[in-house]
Amino acid sequence: MLTEGISIQSYDGHTFGALVGSPAKAPAPVIVIAQEIFGVNAFMRETVSWLVDQGYAAVCPDLYARQAPGTALDPQDERQREQAYKLWQAFDMEAGVGDLEAAIRYARHQPYSNGKVGLVGYCLGGALAFLVAAKGYVDRAVGYYGVGLEKQLKKVPEVKHPALFHMGGQDHFVPAPSRQLITEGFGANPLLQVHWYEEAGHSFARTSSSGYVASAAALANERRLDFLAPLQSKKP
């Protein structure tokens, strides 16, 4: 079941909406979803529904609420892509991390929650997934094709919970020197895993993307499920 109209208060009093999906059987672990640059759009709704079908609750906060609340853009529309890039360029990453922390806190204390919370982020959200993991806010974090990870490597020692990252070998946002830095940097912390999908570029896991690579997406999603599975455990 998907629910809208949820309001969450952040660290500074700012409030934002969220899309929430609750599973048939509760309590369950909750996955907070950090959006791409296109807002809480059709792919985010698809991701919430998919996680619910796998037995998770899901919360997808509107991270653009500070700029343009309710943004839900179509990546296939050139004008909307331009709008997304402008929103991304103006996005406050520190505030985004704070808003995700508020969403995680909200998720952890809902009646449908078993108290365990993971995070899955894409693109912008993939970068936020790493920053949230470095803060220790979630039990497990997964990031897809996060942009700018090579600029955050000083935070690698701060990651205290398992985190998994899926990166496209052909991602134009991650040139070869950045790839090397990420691989070596993440290798310094055994809690961090990074998989490179050589045939894939950016947004390879978004089903509506012209860059969608079914084989890479299927493998990444399978690894994601295996990685998140411990959250289903009844053990503390």
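Cβ coordinates come from backbone N, Cα and C, glycine included.
Around C123 (active site), the same-chain residues six or more apart in sequence whose CB sits under 8 Å from its CB are E36, I37, Y144, Y145, G146, V147, H202, S203, listed in sequence order. For C123 (among others), the entry in Swiss-Prot reads active site.
For D171 (among others), the entry in Swiss-Prot reads active site. Residues within less than 8 Å, Cβ to Cβ, of D171 (active site) and separated from it by at least 6 positions along the same chain comprise Y145, A200, G201, H202. In the three-state DSSP scheme, D171 (active site) falls into the coil class.
If you look up Swiss-Prot, you'll see H202 (among others) marked as active site. The secondary structure of H202 (active site), as reduced to three states from DSSP, is coil rather than helix or strand.
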Inside 10 Å of the Cβ of H202 (active site), count up the other Cβ atoms and send me the figure. 19
